[in-house]
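Report on the structure given below.
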Amino acid sequence: MSDSPAPLADPHLVYDPVAGDGPKDVVVLGSTGSIGTQAIDLVLRNPDRFRVTALSANGGRVALLAEQAYRLKARTVAVAREDVVPALREALTAQYGTGEPLPEILAGPEAATQLAASDCHTVLNGITGSIGLAPTLAALEAGRTLALANKESLIVGGPLVKALAKPGQIIPVDSEHAALFQALAAGTRADVRKLVVTASGGPFRGRTRDELAAVTVEDALAHPTWAMGPVITINSATLVNKGLEVIEAHLLYDIPFDRIEVVVHPQSYVHSMVEYTDGSTLAHATPPDMGGPIAVGLGWPERVPDAAPAFDWSKASTWEFFPLDNEAFPSVDLARHVGQLAGTAPAVFNAANEECVEAFRSGALPFLGIMETVTRVVEEHGTPRTGTSLTVADVLEAETWARARARQLAAQTAEARA
């Protein structure tokens, strides 16, 4: 991948090597979520490599946030919800003891963005949703290495991220993109024939579109492989998550959409593959566990020993691969479409999907109604203007419209079903 210009994520480049033998200072955004809690577990097991200086969370789990701050000796904690500050201060006092100095507390919608620009080596953005865009931009602008688990910020603000990021500054934390990142180290970008992104197929692999009509929220939340938050789990059930990952792969590695393939791999052992022009394919494989991708994001270019379990190759196992059923799961094709449209189209796609997932969880939309509504919102948005630079204001305006329109359409569907 030595071609010029370099892609956003390049395993051949190290943006900011650590001087000396001391641990890296890390800020963890979304510390009480799935990625955040696993990252903190990794840090606690490797105090010689990493030191967490600050934590942020939405504010729904203040007891856990306080425990994390105490165990990590974090200097600052931040919550998006200002109303939970008294409860957070009480939880911190319970951890530290009366009379002991507490970490600095930041609160409000900009708190995570403030932390992203604070003094540290690496920012791990583990926030869920497009609200992670501002912290992503802040970390890049401040010159921090960005371990990116918040795929939505790249998807909705691709041109903005690309304008700020320096070569090698972004390390992907998604399991699929961390896998591609490592497999791409074997050659140059000119050597790459295609990227192959694997999908477990979710809980409804093998079902026809008609069979998906009766899917319930409980069904959709029962992912066969990964333990994730409810939004990402439902995105995996619709395969929207895989569509977002296709857009992300295009933006990270500068590979055209027609050279990014999705295949279903139920075992989730192979996380992605790179096919090279000489006919060889390099696959990255581990048992399903986010410890490895998180360790790559925080530790690259070094390997973190025992970050994740390894295979026992003495035991027989079956590894299967199947083509994706685009009729039953149209989300990947729709994601390719909006990715090629570019501009504000990916932001509209993502925002509409977030609203439709909430509508499905509340009972307003049926399972198939998620993608039907998202498709309609994307179609109504039309083709973004070309020849103009995307701004944060453009993204926010498009998201606001898409959310309002998705809610309106979901309400109409709920009324018709009543």
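Including glycine, each Cβ sits where the backbone N, Cα and C put it.
Packing around Gly33 (NADPH binding site) is summarised by its Cβ count: 22 other Cβ atoms lie within 10 angstroms of its Cβ, all protein chains included. Following the DSSP three-state reduction, the secondary structure of Gly33 (NADPH binding site) is coil. Swiss-Prot lists Thr32, Gly33, Ser34, Ile35, Asn150, Glu152, Gly229 with the feature NADPH binding site, giving sequence analysis as the kind of evidence.
Glu245 (1-deoxy-D-xylulose 5-phosphate binding site) carries a helical DSSP state (H, G or I). In the structure as shown, the Cβ atom of Glu245 (1-deoxy-D-xylulose 5-phosphate binding site) sits within 10 Å of 29 other Cβ atoms. The 1-deoxy-D-xylulose 5-phosphate binding site annotation in Swiss-Prot covers Lys151, Ser175, Glu176, Ser200, His223, Ser236, Asn241, Lys242, Glu245.
When secondary structure is read from DSSP and collapsed to three states, Asp174 (Mn(2+) binding site) falls in the coil class. According to Swiss-Prot, the feature Mn(2+) binding site maps to Asp174, Glu176, Glu245.
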Q: Based on Cα distances to Asn241 (1-deoxy-D-xylulose 5-phosphate binding site), point out the closest of the binding-site residues Ser34, Glu152, Gly229.
A: Glu152
Q.
Quick check for the class: what is the C-alpha distance, in angstrom and rounded, between Gly229 (NADPH binding site) and Asp174 (Mn(2+) binding site)?
A. 14
(Q) With Cβ-Cβ distance below 8 Å and at least 6 positions apart along the chain, what are the contacts of Glu152 (NADPH binding site)? List them in sequence order. (A) Thr128, Gly129, Ser130, Gly132, Leu133, Leu244, Asn350
Q | Candidates Thr32, Ser34, Asn241: member of the binding-site residues with the richest Cβ shell (10 Å) | A | Asn241
Q | Those residues of the chain, 6+ apart, with a Cβ under 8 Å from that of Asn150 (NADPH binding site) | A | Leu29, Gly30, Asn125, Gly126, Ile127, Thr128, Gly129, Gly132, Pro135, Thr136
Q | Rounded to the nearest Å - Cα separation of Glu245 (1-deoxy-D-xylulose 5-phosphate binding site) and Thr32 (NADPH binding site) | A | 23
